[in-house]
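One structure is given here, and the rest of the page talks about it.
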């Protein structure tokens, strides 16, 4: 009689179980206990069955491990045969860092980075999906920013500083020593105070003349060149006076503190003093 791997006889029972080395083997155990020592025989039978159960579980685990190793080896062979390289930044969350571009990159630069990475890692589908996802996210973000524009003050200031006109102007100025800055500041502040406190009917003609002489003196003291002193001083005075007049006429409203028939000339002189101080102190 055979039932589920068991072959039974009146006196003995054969249990067919897999073995790690020999496959299926027959383990014979007594089917009925001997009447003389029933408890000992039943204990021996229980111990034998426990050993067989442990042996079966070990064989099953070894078989599962061998199957898994075979599958991994086959997949490794397939990957090596395809020769597809994996994108190294596939797990980077930031789409800009994933594509290797800056946040100020143009659409052409974004598209060029995407095409380059696709051509390099096109054989690896997860890499292609990661590159495409980063590209689509950046494009959608750019579209949203165009649709809802925001004024980036830092970006605007940086663009102004990087413009050619501003760079050309700033290149003509340099910062002198602190002692020289203090000396020029005191001189023009005194001229401004005298202009406000002692206005005349003819206007602050004397104070303006003194400011022109002070400009020549300070420029020559820094540059040590008479020709450049004459050109820079005369040009700075003319530019400062015309700019001060334009600001008083078109931009700056009348100031109620300064009253009198010559208040316009006084305010124009004060603006001229500020511009002359900048020219005589920082002009290179």
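Every residue, even glycine, has its Cβ placed from backbone N, Cα and C.
TrEMBL assigns the feature transmembrane segment to residues 180-198, out of the candidate ranges 161-179, 180-198. Long-range contacts of the transmembrane segment (204-219) within the same chain: residues 180, 183-184, 187-188, 191, 194-195, 228-230, 232-233, 236-237, 262, 265-266, 269, 272-273, 276, 279-281, 283, each at least 6 residues beyond the stretch ends and with a Cβ under 8 Å from a Cβ of the stretch. Residues 204, 207, 210-211, 214, 218, 221-222, 258, 266, 269-270, 273-274, 276-277, 280-281 of the same chain lie 6+ residues outside the transmembrane segment (180-198) yet bring a C-beta within less than 8 angstroms of a C-beta in it. Residues 211-212, 215-216, 219, 223, 264, 267-272, 275-276, 279-280, 283 of the same chain, all 6+ positions outside the transmembrane segment (231-252), place their C-beta atoms under 8 angstroms from a C-beta of that stretch.
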